[in-house]
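I have placed the structure first, in the form of structure tokens, so that the comments after it can refer back to it.
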There are 2 protein chains.
Amino acid sequence: MAAFRVRIVMNLNGVTAEERQVDLGEGRQHDPAFLAINPQGAIPVLVLDDGRSLVQSMAIIEYFEDTCPEPPLLPADPPGRARVRALAQMAVADGHPLVSPRVRTYLEVELGRGEAQYMAWSRHFMGRALEAMEGHLARDAETGMFCHGDRATLADICLVSQVTGFSYFGGTADAFPVVTRINAACMEIDAFRHAHPRAQPDAPKGQAPRPPATAA
Amino acid sequence: MAAFRVRIVMNLNGVTAEERQVDLGEGRQHDPAFLAINPQGAIPVLVLDDGRSLVQSMAIIEYFEDTCPEPPLLPADPPGRARVRALAQMAVADGHPLVSPRVRTYLEVELGRGEAQYMAWSRHFMGRALEAMEGHLARDAETGMFCHGDRATLADICLVSQVTGFSYFGGTADAFPVVTRINAACMEIDAFRHAHPRAQPDAPKGQAPRPPATAA
């Protein structure tokens, strides 16, 4: 989901990078060679031409916003920027981390829970995040064709990754009509559609974009 | 923890606001009157003079960064900004959401786990977030007296709230020497010390800053 977000932004900005896969299912994020790049053992990682590595999808996306101002992923006015960033955080902070591999491991090893309960847990928390987004989107006058007006922003990128993750765990976003409408509008855009996990040549799971970032 | 972060930033920026408490222990975040302000039912919320409400601590802090440029909470160079934002997300996304009231409820109601297991769960994931921060801080040349050089940034604000939350769940940060050193340096600063949950007049738990934000 996090690599999906970064791929969308790179597509929107027309930035290319050599992409390398890290198989989370096989635990490759814990390999010493990968930990040297990201001590947290998580994806995505963007390795710049000078060798520095950027981690955490929100930080990487804001890096592109800082270095590739077109198209803007945040509105110009500060309250609007706060609204877009808040919608993003509902997905990225309050949804996604609840379903990470380390949570799955804890549920299995420490709490003795199996696959079905991990899936139910994940549907629950991914759905709660979408419910939070829906509550704000349905209420706010700023909601337009997309989360904030009629251009895709950071919030839409996070919404799409959240809906995709939710469906991976068996959830359907029908209960969230504004979310569903915006997700469909986003998926009409090439930059979103081509970044989708299903559209990738191989690995449907963890993906790590890698150098050179021409924006670096 | 999230309100603690916002209080630090407001102290650093010299912004004052009427502060209202929301008792999370009693579930007051689910009251209809509060849900009208934040449909997600979470704190903190910053209500601007024009009535708009900003939510999610990271979005609120970036709002202050956008509107009160002194002191800067992010470095000027894009890779540095990405590093600071990434360290912040390790706490705010990968730590804090794992110990929210809704997680506690799910562990209790759906998985039949009690107080001791919620505390152990919380120690584990709050510690994992600090471990991730320590890994980057111990490795990177950019680490100085604070997380990024010799001035406190957004990363330090999140580090301090993370250490405080970890200790609430019975953890000690001794295993993370760089984190421990930086936390101590931050707590020498009035803006941090005065924002600490223990330094607040009443409620040790949920706190919601409220209007008027003079920065609005």
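Each residue, glycine too, has its Cβ placed from N, Cα and C.
According to TrEMBL:
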type	residues	note
DOMAIN	A:1-72	domain 'GST N-terminal'
DOMAIN	A:77-205	domain 'GST C-terminal'
REGION	A:197-216	region 'Disordered'
Discussion item. Considering every residue in the domain 'GST N-terminal' (A:1-72), what is the mean pLDDT value?
Written reply: 94
Response to the item:
The DSSP breakdown of the domain 'GST N-terminal' (A:1-72) into helix, strand and coil residues is 32 helix, 9 strand, 31 coil
Item to complete: Kindly report the helix/strand/coil residue split of the domain 'GST C-terminal' (A:77-205) according to DSSP, in that order.
Response: 88 helix, 2 strand, 39 coil
